[in-house]
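Peer 1: Got a structure here, written out as structure tokens. Questions coming.
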Amino acid sequence: MNIDDFEAYCFDLDGTVYLGNEILPGAKETLDFLRMNDKKVLFITNSPTQTREGCQKRLEALGVDVTSDEILTGPFISALYFSENFPDALIYVVGEEAIKTEFNHFSLKMTDDPLEATHVLVGLDRSFTYDKLNLAMTAVRNGAKIIVTNPDPTCPVPGGVVSDTYAIARAIEVASGQPIFEVTGKPSAFYGERILKQLNVERDRCLIVGDRLETDILLGKFSKIRTCLVLSGVAKKEDVDQMKIYPDYIIKDLNSLFFKVKQPC
């Protein structure tokens, strides 16, 4: 594939561009090459613990030049979702400071009272407790809808994985007896439409590159955007047939982004 086959390239972060505090092989070189060829670049992460500005600083520390407008994160997408769909919501937040920061940017209303909440927004909370579970459960049992930043049960880290947002969301779902109402992160249609709006490109001129079949690659399938699975993170090549989620391309890492083997769709 020639670099000019696409006008815009979207990259997941964890497991695609970096892992922990280390940039992955070929990432910086590939991104620099795209910039040199005047291609649009967008970083699309489900990470529920990073603001766009925080993500920008992390990338810059790894030597990647980026602006905050070239980044979509879980908290930003969730805040955008509420501002467009439930602007008057009273939101009980299960999550960390990044979510509250983005919600404040959008002037969304948050509450610590589960009895007045109209929605429970669930993101990764690394200090999640039994008491927090009970408060979220109480809100949902009193009519609040469960909105989840991202459907990731785990997140890749050096040496393995750690639990992620969906493990917490399912606990609240089971305890409350009420189903999750919406997941705003990848692979949601809402996320896909935001990508195209942010980039201002047609679907067939955009490529999504990521390491998760059930989020990155499904995002492309749902949004009718072509995809490339990178094997530097969560997914293994044998997972493709097992999960029956077929990317357009599969590569080892970003070093080989422009030397791919075409896969059946």
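A Cβ is built for glycine as well, from the same backbone N, Cα and C atoms used for every other residue.
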Peer 1: Where TrEMBL shows Asp12, Asp14 binding Mg(2+), which of Asp204, Asp211, Asp239 is named for the same site?
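Peer 2: Between Asp204, Asp211, Asp239, TrEMBL records just one in the Mg(2+) site with Asp12, Asp14, namely Asp211.
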Peer 1: If you draw a 10 Å sphere on the Cβ of Asp12 (active site, nucleophile), how many other Cβ atoms land inside?
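Peer 2: Its Cβ shell of radius 10 Å holds 25 other Cβ atoms.
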Peer 1: Between the Cα atoms of Asp14 (active site, proton donor) and Asp211 (Mg(2+) binding site), what distance do you get, rounded to the nearest Å?
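Peer 2: Rounded to the nearest whole number, the Cα-Cα distance is 8 Å.
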Peer 1: Sorted by position, what residues of the same chain at least six away from Lys186 (substrate binding site) have a C-beta under 8 A from it?
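Peer 2: The answer is Asp12, Ile44, Asn46, Asn150, Pro151, Gly210, Arg212, Thr215, Asp216, Leu218, Leu219.
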